[in-house]
Amino acid sequence: MNRIGIIGGGASGIVAAIAAARSDGDAQVFILEQKENIGKKILATGNGRCNLTNEAMDASCYHGEDPEFARNVLKQFGYGETLEFFASLGLFTKSRGGYIYPRSDQAASVLELLEMELRRQKVKIYTGVRVEALKLSAKGFVIRADGQRFPADRVILACGGKASKSLGSDGSGYALARSMGHTLSPVVPALVQLKVKKHPFAKAAGVRTDAKVAALLGRQVLAEDTGEMQITAYGISGIPVFQISRHIAKGLYEGKEMKVRVDFLPEMEASQVRKAFNTHLDKCPYATCQEFLTGIFPKKLIPRLLELSHIRQNFPASELKPAQWEDLIRACKQTLLTIEDTNGFDNAQVCAGGVRTGEVYPDTLESRYADGLYLTGELLDVEGICGGYNLQWAWATGYLAGRAAAERP
């Protein structure tokens, strides 16, 4: 009998167990999960709605040392395969702007269907057990957890990374992978908020506004994204900030000075802003600078933009000199923020970095160093952007690894 041990009961581990059990009905499949319940992170995804995947599924939406690795995995288990898999569980889905959610809009529905299938497939689940070591023996593997020994012919490492420790990912999987001979690219927080040094917008905390943000290393733009940015007391947040955060985190890890350029009027070029301001001034010749900006920006943001421009709030807009107008336009379009840190692993949605993908076969997720060992999900040096891409990665790698583990001769 093929004994398949899965370390980690998150998204990729659960799907790996189902795929393994479906592929080999005689296999003895079991999951070891250190939290009291499996699938805790699934419940937190998509603000509790579980953004399963995305219609615009492309390898360019993933980052890592080897971009081709993600492409090869997704060719085998992509958007269509994910929908088919969840349909086989009985899940109805819907699209919201290309983002795929359960029709119920509840992540709990997704987890419950996965748990129902685990029971149907007679997968044994051990919760509240922390894996301490993984050893190779003459007869396969031995997993040590809380003083117990779990022998296995195949092992799937689905432990997750270090992001959101409260949901079960504490980085312990990296040590297990290392013990099997694997190496890691630097692991840093990704899809995370950024902390700003000498934060000029701290008093505007709570403001949400459309903006384009760009990650800068010197004059080089590493990445940029547009959307709703949130100003916090310590820095900046929101989806566009999350999308560029991995580049900032990598730079900070390497000891580089990292900046973010913020454009508060992304829908207009600077020349268009200049023209719009002139037209606006013709209509409001008696407005103070505070009043002039009232119809353009959120109230709490206006004093901060004027402060950056060295302009008094009650100064008549009609009396501003050309150089002052340019300072104001620069503040609106090209504010530079120096980033001192990310908001850490505990607040990150995922990690950038992990087990180097060159050490894993992309068609099976099997280790090149240890026969019968498979690595999935966030443990690998692949992470996606916001929008269902990281769950897609978990489903895909979990399914391929589970199937391969069951079918391996």
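Residue numbers in this text run from 1 along the chain shown.
Glycine is no exception: its Cβ is also placed from the backbone N, Cα and C atoms.
According to Swiss-Prot, the protein has these features:
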type	residues	note
BINDING	S12, E33, V131, E378, N390, L391	FAD binding site
Binding-site residues compared (S12, N390) - highest count of Cβ atoms within 10 Å: S12
Cβ neighbours within the same chain of V131 (FAD binding site) - under 8 Å, at least six residues apart: I7, L32, Q34, I143, R144, A145, C159, S172, L176
Three-state secondary structure, S12 (FAD binding site) (per DSSP): helix
Cβ-Cβ distance under 8 Å to E33 (FAD binding site), same chain, at least six residues away: G8, G9, G13, I125, Y126, T127, G128, V129, G168
Other CB atoms, at most 10 A from the CB of E378 (FAD binding site): 34
